[in-house]
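According to Swiss-Prot:
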BINDING   C38, H63, E64  Zn(2+) 1 binding site
ACT_SITE  T40  active site, charge relay system
ACT_SITE  H43  active site, charge relay system
BINDING   C93, C96, C99, C107  Zn(2+) 2 binding site
BINDING   I175, D195, R200, L262, G263, I264, I286, Y287  NAD(+) binding site
Amino acid sequence: MKALSKLKPEEGIWMVDAPKPEVGHNDLLIKIRKTAICGTDVHIYNWDEWSQNTIPVPMVVGHEYVGEVVGMGQEVRGFTIGDRVSGEGHITCGHCRNCRGGRTHLCRNTSGVGVNREGAFAEYLVIPAFNAFKIPDDISDDLASIFDPFGNAVHTALSFDLVGEDVLITGAGPIGIMAAAVCRHVGARHVVITDVNEYRLELAEKMGATRAVNVAKENLEDVMQELGMTEGFDVGLEMSGVPSAFHSMLDTMNHGGKIAMLGIPGGDMAIDWSKVIFKGLIIKGIYGREMFETWYKMASLIQSGLDISPIITHHYSIDEFQQGFDAMRSGQSGKVILNWD
């Protein structure tokens, strides 16, 4: 079968002919229709320090996808051949305290599809049936293929009450932009998103952000004054992993504010903890998606009228995968879809 693999410990991704994966007793065999390129895949392509310390070589990569069930193990229940599915990319152990307590997204033994085990950039993928999510008929393949990053946005955004609140999002990558759309959809008052990438800031405004702020050109506190804000942001969503962005968030949060952090800093990050203490801030780390509450919320948000389709800006056939990666690496894109049909 065709597959995209990290063949060598150097920059790049390569098309290979890989063996079709074998199906275990509790597994689904999924024929892939569409995949999306994640920022993680770009890290793997670039072969940065994180990738060098994490990714086994060679390995098929990718973890954002939609496909059709074409085979299943003898113990599988609840699925039928032909079901359209996406899937949770975090494979959990099922026996640690958090798994047994129903907090599977906090499994200490998590294995990532396309990160620690064979991924979805292939004609076929095998995952445990537990990890599969049936896609409702009224949700398109394009949207279903980005449920993984959309889930990161939903999990982060819905960590705290947003109704009538003022929200600051630092980092206008695709996940930050989708989070802005979620915040507006569920009733936030002002949603301000910051970055230095003009293309993505414009995309954020199309997706519903009240103000998209290029912090290289504008002062965030001036924008707050322009919006009539007098006490600071109630909720912060840190999506960038950039220390200066987080410092700006701490400066502009209201007392008693709440921060959800999804962005991963490149190294140790020093902050002024006195601001956290004296402002009484709550900081919550976010990893992945809640299984499977986030998935049901994703489907419900779309079915209730949330439109995230503008975040998908490029489509390529799988044979044009290099152009897809080039688009993602340029920063002049939203989500990039690779078609396998």
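Note: Cβ is positioned from N, Cα and C throughout, glycine not excepted.
Features as recorded by Swiss-Prot, highlighted on the structure.
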residue : record                           : Cβ within 10 Å
T40     : active site, charge relay system : 22
C96     : Zn(2+) 2 binding site            : 16
C107    : Zn(2+) 2 binding site            : 22
I175    : NAD(+) binding site              : 29
D195    : NAD(+) binding site              : 26
R200    : NAD(+) binding site              : 23
L262    : NAD(+) binding site              : 25
G263    : NAD(+) binding site              : 19
I264    : NAD(+) binding site              : 12
Y287    : NAD(+) binding site              : 14
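D195 (NAD(+) binding site) falls within a strand when secondary structure is assigned with DSSP. Each residue contributes its Cα atom, and for R200 (NAD(+) binding site) and C38 (Zn(2+) 1 binding site) those atoms are 15 Å apart. Listed in chain order, the residues near the Zn(2+) 1 site other than C38, H63, E64 are T35, A36, I37, T40, D41, G62, Y65, G89, G114, A120, D148, P149, each with its Cβ within 8 Å of the site Cβ centroid. By neighbour count, meaning other C-beta atoms within 10 Å, the densest spot among the recorded positions H43, H63 is H63. Among the recorded positions listed here, namely H43, H63, C93, C99, C107, H43 has its C-alpha nearest to that of D195 (NAD(+) binding site). Cα of C107 (Zn(2+) 2 binding site) to Cα of Y287 (NAD(+) binding site): a span of 10 Å.
Annotation note: C99 (Zn(2+) 2 binding site) sits in a helical segment as assigned by DSSP. When the Cα positions of I175, D195, R200, L262, G263, I264, I286, Y287 are compared pair by pair, the longest gap among these NAD(+)-binding residues is 23 Å.
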